[in-house]
Structures are given as C-alpha cells and as structure tokens.
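Trainee: Swiss-Prot feature annotations, pasted as is:
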type	residues	note
ACT_SITE	Lys178	active site, proton acceptor
ACT_SITE	His296	active site, proton acceptor
BINDING	Asn126, Thr176, Lys180, Arg297, His329, Ser381	substrate binding site
BINDING	Lys204, Asp206, Glu207	Mg(2+) binding site
MOD_RES	Lys204	N6-carboxylysine
SITE	Lys336	site 'Transition state stabilizer'
Amino acid sequence: MNADAKTEIKGRERYKAGVLKYAQMGYWNGDYEPKDTDLIALFRITPQDGVDPIEAAAAVAGESSTATWTVVWTDRLTACDQYRAKAYRVDPVPGTPGQYFCYVAYDLILFEEGSIANLTASIIGNVFSFKPLKAARLEDMRLPVAYVKTFRGPPTGIVVERERLDKFGKPLLGATTKPKLGLSGKNYGRVVYEGLKGGLDFMKDDENINSQPFMHWRDRYLYCMEAVNHASAVTGEVKGHYLNITAGTMEEMYRRAEFAKELGSVIVMVDLIVGWTAIQSISEWCRQNDMILHMHRAGHGTYTRQKNHGISFRVIAKWLRLAGVDHLHAGTAVGKLEGDPPTVQGYYNVCREMKNEVDLPRGLFFEQDWADLKKVMPVASGGIHAGQMHQLLDLFGDDVVLQFGGGTIGHPMGIQAGATANRVALEAMVLARNEGRDIAHEGPEILRAAAKWCKPLEAALDIWGNISFNYTPTDTSDFVPSVTAA
C-alpha cells in the first residue's frame, strides 16, 4: 500500500461516491492518543497475502464501528470523526510471521450502557468474516471506568460468599456429579449427599444436565436439596449444590430459579451458551433474590482455544465479570482441559483483582481498573485430583473453588472417601503453606505424610498420584516461552 493509501482524505474528496481504502476513510491514525474514556480492543490479525497490515487494521476498525465497503454521504449527517473507530498501532506478533497485533480505539458513545449484547455486536459482530483477513482474534480489551460503572457486576462476590459459608483462608472444595447423564433423581441426590458429608463445600450439576426423560429437573432439585440439608445438619457446615437452571426459554429459567429458591438453595447455575442477555437477566434475578450465580463456560472452546482466530478467554472473563457472575470456570492448568499455567493465571487475575496491571507473560496487555466491581470466584474443574493439590494451591492461591468430579466420584473406597481425601489433602497443604514450607516442591512429600493417617487419601494417591495431562498448550503467551504444569 503506497503512502497516499495510508493517509486520510479530507474535505469534499472524502465523500465523493466511490470506493476508498479504509485508511483513507479515516480508520487509521498512527498519531492518535487514546483517551481515558476510549474502549481499546487488541486484535491479532492475519491479513491475506498482499494486504497491507495497516489497511487490514483500518478495516477492522471500520467494520467494527461505522464503515461499509463504499463511501456513503450520510456519514456527513453524523459526528463521523468522533464515531469512527481508530486503529492507531500495528505490531508484528513475536515469532509468528504474517500475524500482527492491531490496537483499535472506540469512543464510548458508540456503546449502549450496561449491555454486553451491544458491545459484542460491534466488536465481534462482523469483522471475523471479513475477506481481507485470513483470521482474526480478539486478544484483550481495556474497558474504561466510565463504561464499567454502567454494569452492576457479580450479585454476591467473593467476600459475601465466604461470609455466608464461614470459610476463610483456603480454597473451597466441590465436585461435579458423575456420570453427568443417566442417573435417576434419587441416585443423583445420594451422590450429592455422600460428597457433601465427606467434606466438600459444594456439589454441582454438569453443563448438560437439564430436564431429560431419565430425570426431570424438579425431581433433581428436590433430591439435591434434601441431600444438602441432611449433609449440613450432619456436618454442622454450610453446604450447597449448584442447581443448573439452563433451559430453552427465559421464562423456564426463571421458573426453575424460583423453585430452587423456594427449596432453600443459595446458588443456581447457568451455562455460557444461554447468551449474554440471558446471563445479565438471570444475574439481576440473583441480585434481587440473594442468590449466588455459578457460570459454567460450556462451549467456550469453540472460539477461545485456537490462537489465530476467535476470542481469548481473558476477554470472555472480562465480559462475564461485567455481566455479573459470582463463579466462573477459568481453567486448571494441570487438569485435562486446555490451559497454559501463566495464561490461566491471567484469567484468574481478571476475575479476582480490583485493578489488573499490564502482565504480558500472563496475556494482559492493558491496565484494567474494575471501579470497585465485585470479584468473581474462579473455578478449577476438569481432570484434577488430590495428588495435584500442591500445584493447584501454588498456582491459584485461596480464592478459588477446586472441583474434583472424577477425583471424588471415582475413588476406590466410595464417594464419601473421595471427598474426604480431597478435604484432607487441602487442609494438609494449607497448613504446610502457612508454616512456611515450599509446597510447590515439597507437595508430594506433604501429601504422603498426611496419607499415613488418612486411608482415603492414601488410596487416592496410589491410584491417581502419577496421573497428569502434560500436552502442549495451544493458547500461550507470545512474550515468554511456554511452560508446563509439571
């Protein structure tokens, strides 16, 4: 692209009928200094052969704001200089020829207050299908404080949840009921009771258990809450079960949520696939009814896993904090699901910090002030077991729910023993950490010492102690070498 093609055309020539380059229409400005009130998006773009990266960046800015493929005179009926998004920086992606990071600034006036649906319609609504790009990925966003303040965020937050549970200074423990499909309501409730009695704080529904022929949702709720109440009475601890209210319509979701509330549940769950409007709607219901909202990120891997195209999960986490969820599955790094340890830590930081600093090794490109929005409790779930407790505590600290589904239900001595093994492993590791021991390196030794007086933990370590999922992550930082969790 020649120099003129990168320069904005001014005056009458700008609005003559015809086709101009996006940069010529004003969607590229290398001298632009973003305002504090601008929303900034960072895209990873792979232009088609022969497409200049600056023109590709300008096209992203144009197609995600006000542009179309040709000049339209009706631009002059608007404050078009203000409304145009502006690509202002393009950097080659380190070590990846043909890919570029492009920074695009959007004036805040382009977005409806408090609406993730509107935000996503602009930022990801059109550009990902644009022919001049082989691929595009939304890597990160900076959300201005003025925009953050239009959202209400999590209905409960970490602090209030811990106060309700009376649990402080250590991770919470949970498990997903297995098998996730096929159990009758009564047997399902039995699994819930055994897990809670054995020492877990929560049990949960999985993403695809809704209301199938083998178990109506109402039956599941009744048996699960019976299990919760019985386990609470027996142990003297506050217990809970994440009742999945995901359904085909909002009306049905509200109906299930109301029934869960009537039964005394303190928490309900929805899947990410219900959509942004449904998430914000049920979040508002939870706020009005003093309920914790658990978010299962079902389906996210279809657009977050590939490094060259889609949306980074750190962006999804930011949107979900705005939308208002209390719990969010955010990866384990050491389990069976995709997750580079530093990258996953970046997701956790998005959930738990009041201000994110720039942290390129963890994938955070911008400072992000959360304007006192409540914190989200990250959830580590998927292929984890008691033998990894030292890794999990070292990676994620205290404010996390550690969910051992198969690592509880699959215990050779039974479900209650599986829960007890996880509880003892956690308590032993927290104690060792608080005594100043190096749990990252001494973890296996600490666990074996605890197992000498806990047969369930000994059995768990014997059967799963050497199980790991050390595959090369696909979504890693571009600024540091990838590491493994081992």
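Cβ coordinates come from backbone N, Cα and C, glycine included.
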Trainee: Of Lys178, Lys204, Glu207, which recorded positions come within 10 Å of Arg297 (substrate binding site), going by C-alpha to C-alpha distance?
Mentor: Glu207
Trainee: Report, in whole Å, the straight Cα-to-Cα distance of Ser381 (substrate binding site) from Glu207 (Mg(2+) binding site).
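Mentor: Cα-Cα distance, Glu207 (Mg(2+) binding site) to Ser381 (substrate binding site): 12 Å.
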Trainee: Counting Cβ neighbours within 10 Å across all chains shown, tell me which of the recorded positions Lys178, Lys204, His296, Arg297, His329 comes out on top.
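Mentor: Answer by Cβ density within 10 Å: Lys204.
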Trainee: Count the other Cβ atoms sitting within 10 Å of the Cβ of Asp206 (Mg(2+) binding site), across every protein chain shown.
Mentor: 19
Trainee: When the Cα-Cα distance from His296 (active site, proton acceptor) is computed for each of the recorded positions Asn126, Lys178, Lys180, Lys204, His329, which gives the smallest value?
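Mentor: Out of the listed candidates, the nearest Cα belongs to His329.
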Trainee: DSSP three-state call for His329 (substrate binding site): helix, strand or coil?
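Mentor: For His329 (substrate binding site) - judged by DSSP and reduced to three states - the answer is strand.
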Trainee: Between Asn126, Thr176, Ser381, which of the binding-site residues has its C-beta surrounded by the fewest other C-beta atoms within 10 Å?
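Mentor: Each of the binding-site residues Asn126, Thr176, Ser381 was scored by Cβ atoms within 10 Å; lowest is Asn126.
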Trainee: Can you list, in sequence order, the residues of the same chain other than Lys204, Asp206, Glu207 whose CB lies within 8 Å of the CB centroid of the Mg(2+) site?
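Mentor: Leaving out the recorded residues gives Thr176, Thr177, Lys180, Asp205, Asn208, Ile209, Tyr242, Asn244, Met269, His296.
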Trainee: With Cβ-Cβ distance below 8 Å and at least 6 positions apart along the chain, what are the contacts of Lys180 (substrate binding site)? List them in sequence order.
Mentor: Asp205, Asp206, Glu207, Asn208, Ile209
Trainee: Quick one: Cα separation, Lys178 (active site, proton acceptor) versus Asn126 (substrate binding site), in Å?
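Mentor: The separation of the Cα atoms works out to 40 Å.
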Trainee: Taking just the CA atoms, what is the gap between His329 (substrate binding site) and Lys204 (Mg(2+) binding site) in Å?
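Mentor: Spelling it out, the Cα of His329 (substrate binding site) and the Cα of Lys204 (Mg(2+) binding site) are 12 Å apart.
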Trainee: When you measure from the Cβ of Glu207 (Mg(2+) binding site), how many other Cβ atoms are you left with inside 10 Å?
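Mentor: I count 20 other Cβ atoms within 10 Å of it.
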Trainee: Please report the Cα separation of Asn126 (substrate binding site) and Lys204 (Mg(2+) binding site) in Å, rounded to an integer.
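Mentor: Cα of Asn126 (substrate binding site) to Cα of Lys204 (Mg(2+) binding site) measures 36 Å after rounding.
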Trainee: Provide, as an integer number of angstrom, the distance between the C-alpha atoms of Thr176 (substrate binding site) and Lys204 (Mg(2+) binding site).
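Mentor: About 5 Å separate the Cα atoms of these two residues.
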